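A quick write-up on the structure given underneath.
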Amino acid sequence: MADQPLPPPVPPNDLILSIDDLKEAGSKKLPFATREFFNSGATAQTTLSENTTAFSKYRLRPRVLRDVSAIDTTTTVFGQRIAFPLCIAPAGAQALAHPSGELATARACAKRRVHMGVSSMANHGLGAIRAAGTAVWPAAAHAVQLYTMVDRAREEAVVRAAEAAGCAAALLTADSPVLGARHNERRNAFRVPDGAAFPIVGLGAGVIDGARFVATNSDTHSWAEVAWLRGVTRMEVWVKGVLTPEDVVLAREHGCDGVIYDGEAGVDKMLDILYEDFKRCMQLTGCTSVSDISKDCLGIFRSDGPLARL
């Protein structure tokens, strides 16, 4: 049998210079089905693609001859100063990529001084995740992501456990009344490995499956869910998955503390790359603090070609 060509080597850490480099390097370390689980989206994967390509229509409007030698990238989230305006969105089943999973993510976020969203489908418990982060940065804040559950008692238990663990906010997922049609997972016969668990919601392996998801997730959710959450917790209540201006207005009218306008991404390296990119863009646009950033810093390509101000 002829020798098979060796896979290309994973570049050393100091040659991972962009998010694309990081995705390529990380993908090479994962089994095929797991890689597809993390890297793929639903149906034709249009939204997955547009999470990146949507930014291509924008351009920075550089301002020249401004002193940008002293840059303050910090801002405030959950009442705590963070290094720059970025927090890590909740992502489930991180232990499929590495046994440390969400614990490693919590440590990386704390090291970079940003906050972390914790998926209710995490493979580690809230207490352990909080402890991993606060051991590095005592002020680290965490927000727990929630689905509207058929079993309201189970949902309330998750909320109360999050509050007891010291979480700052509940992030209510508003855009998933049903599970997306993830065709690649079906083609690859993807299954959560035996032994994997989801302790925050008290479920075992196999729950990332259409029938099981429908059995736990309620498609009857409504804006009344916000009021219900307000009644069972003192944490901030945010809505995750808002996609239209009309729903941003409704979120405010229903008393949400914030919204997450959705688009989905070694975490240490990723945060370093994003921080340097953000700082560089501030300098190029002549901004010395986050409060200087406005729509005047950006231009947008019109359909007929020219660059226009927002």
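Just so it is clear, glycine is given a Cβ too, placed from its N, Cα and C backbone atoms.
Note that the structure is predicted; figures quoted are calculated from it, not measured.
As annotated by TrEMBL, domain 'FMN hydroxy acid dehydrogenase' applies to 11-260. Taken from TrEMBL, the feature FMN binding site covers Pro90, Ala91, Gly92, Ser119, Gln145, Thr173, Lys240. Residues or ranges marked as glyoxylate binding site by TrEMBL: Tyr147, Arg182.
Considering only the binding-site residues Arg182, Lys240, the Cβ with the fewest other Cβ atoms within 10 Å is that of Arg182. Separating the Cα atoms of Pro90 (FMN binding site) and Tyr147 (glyoxylate binding site) is a whole-number distance of 12 Å. Across the structure, Thr173 (FMN binding site) and Arg182 (glyoxylate binding site) place their CA atoms 18 angstrom apart. Gly92 (FMN binding site): 20 other CB atoms within 10 A of its CB, across all protein chains. Of the residues the record lists as binding FMN, namely Pro90, Ala91, Gly92, Ser119, Gln145, Thr173, Lys240, the two whose Cα atoms sit farthest apart are 15 Å from each other.
Note: the FMN site is recorded as Pro90, Ala91, Gly92, Ser119, Gln145, Thr173, Lys240; in the same chain, Ala89, Gly117, Val118, Ser120, Met121, Leu171 also have Cβ atoms within 8 Å of that site's Cβ centroid. Calculated from their C-alpha atoms, the gap between Ser119 (FMN binding site) and Arg182 (glyoxylate binding site) amounts to 19 Å.
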